[in-house]
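**Student:** Provided herewith is a single structure, encoded as structure tokens, for subsequent inquiry.
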Amino acid sequence: MKVKLISRSTDEFTRERSQDLQRVFRNYDPNLRPQEKAVEYVRALNAAKLDKIFARPFIGAMDGHTDAISCMTKNPNYLKGVFSGSMDGDIRLWDIACRRTVCRFPGHQGPVKGLAASTDGRILVSCGHDCMVRLWNVPAPSILEFDDSSDDTPKPLVEYTGKYAYRGADHQWGGNLFATAGAQLDIWDHNRSQPVNSFEWGVDTVVSVRFNPGEPTLLATSGSDRSIAVYDLRMSTPVKKIIMQKVWGKLYSDRLDGVIPRVAMYTSLALSEFKLLSKVGKQQHTKTNAICWNPLEAVNFTAANEDCNCYSFDARKLSEAKCVHQDHVSAVMDIDYSPTGREFVTGSYDRTVRIFPFDGGHSREIYHTKRMQRVFCVKFSCDATYVISGSDDMNLRLWKAKASEQLGVLLPREQKKHEYHEAVKNRYKHLPEVKRIVRHRHLPKAVYKAKDLRRTMTEAERRRKERKRAHSGPSSVHEEPLRKRRIIKEIEKAEE
């Protein structure tokens, strides 16, 4: 005969001090709690509503530049350090904790288009339209005071003069090499006055360049001829590249020279401008403005494109995109991955900042303010907690990566409560009411109208193709997915 005994140690329920919480024992048998799912659903609903109530993503703005901010880079050795360059040639080092300038690097006579910091955070590389490449000595992180009236301004360590204007720069991870993009791709060494290697593939301008964080000898570039190329420094020739498709302007919004004035972008004339595009039907190049590698998946990178979308690729197979990220209504100007590799942030010409999951087709968050203009550069902080954006209105803005996240020190019970709310939201996120609350975002009026018009045009195009397919012979109309349709061809260097 078996006898079941209830045994309980006094250490499990006895309080050590009178101030300690009394431990409560609960029986989680589902037969004793038939309404458990209903209770959890209500908790998930309340958690989704609380996220909307406490969503305060904007932290503050950092002003000081006297012209539009064109580029940014992070200091890998200093969590709070961010470099920014403007169109008037001014370069600043910011302390994002205090939201003020720490140091300035004067010297460029034109727009600064490329900034890159070495892995140890000691060297800053800058280049711009004045055909100059400069190397700067970054001050130690302990220097937190700066006086504009002092004459102790940093001087460039080295200055290199090129033949053409530069469009971008990036530094090798864990090495002494850095790359500049312009009329050609140049590879430089800190100790050489001339490029150690130069690559030319076509006659168009190289728009952006980015080194692979996992494989230091691998880098990717984008060109103004709608190309994305992959280079390996261990080889004397490029590896491969793809050519993106031309897209008819009636489906996209802006940046057509001679068709839409830039000063009228996303004002009350936005609707008439879209109608004008649909009549003109001028072709728009799907040029890639920026590239960023996934820091945890070294073979994958995402390209920010002129056609309002972002395309994620596998470097081993460039014939089709892994994922197409759609939500912007204007050209995507910059992109940066989170250090976790699970999401990335984009800045667009439509004056918004969006955060996308690395494998999702739509953004999970959108940030905007009334004063923020066209966003030219965005960065994730080194701890993936904040997002920094630089725009045409001469301001850097600091945002929370999670809009409703509570900043500061959390007690253990508060941390457990937030984790529980996230768990129940993820468990019931597929239900209509929870899904509706989680997905809802307030959009600027111009962006909302542009998105609605794009949706109408896309639906009309889909219906037209369905009617064409219905009145055609079997297998006579072949429809490719968007991730394949945007790539015209993949070119190997050996084929030329």
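Note that Cβ sites are derived from N, Cα and C of the backbone, with glycine treated the same way.
Sharing the record's features from TrEMBL:
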- 62-96: repeat 'WD' (REPEAT)
- 105-138: repeat 'WD' (REPEAT)
- 325-356: repeat 'WD' (REPEAT)
- 368-409: repeat 'WD' (REPEAT)
- 401-487: domain 'Sof1-like protein' (DOMAIN)
- 454-463: compositional bias 'Basic and acidic residues' (COMPBIAS)
- 454-496: region 'Disordered' (REGION)
- 477-496: compositional bias 'Basic and acidic residues' (COMPBIAS)
**Student:** For the repeat 'WD' (325-356), give me same-chain residues lying six or more residues beyond its boundaries with a C-beta closer than 8 angstroms to one of its C-beta atoms, as numbers and ranges.
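**Tutor:** Cβ under 8 Å, 6 or more out: 253-255, 265-266, 289-297, 302-312, 362-368, 372-380, 382-384, 387, 389-391, 399, 401, 444, 446-447, 450-451, 454.
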**Student:** DSSP-wise, what's the residue breakdown of the repeat 'WD' (62-96) into helix, strand and coil?
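**Tutor:** Breakdown, helix to coil: 0 helix, 19 strand, 16 coil.
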**Student:** Can you tell me how the residues of the domain 'Sof1-like protein' (401-487) break down into helix, strand and coil by DSSP?
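**Tutor:** Taking the domain 'Sof1-like protein' (401-487) as a whole: 54 helix, 1 strand, 32 coil.
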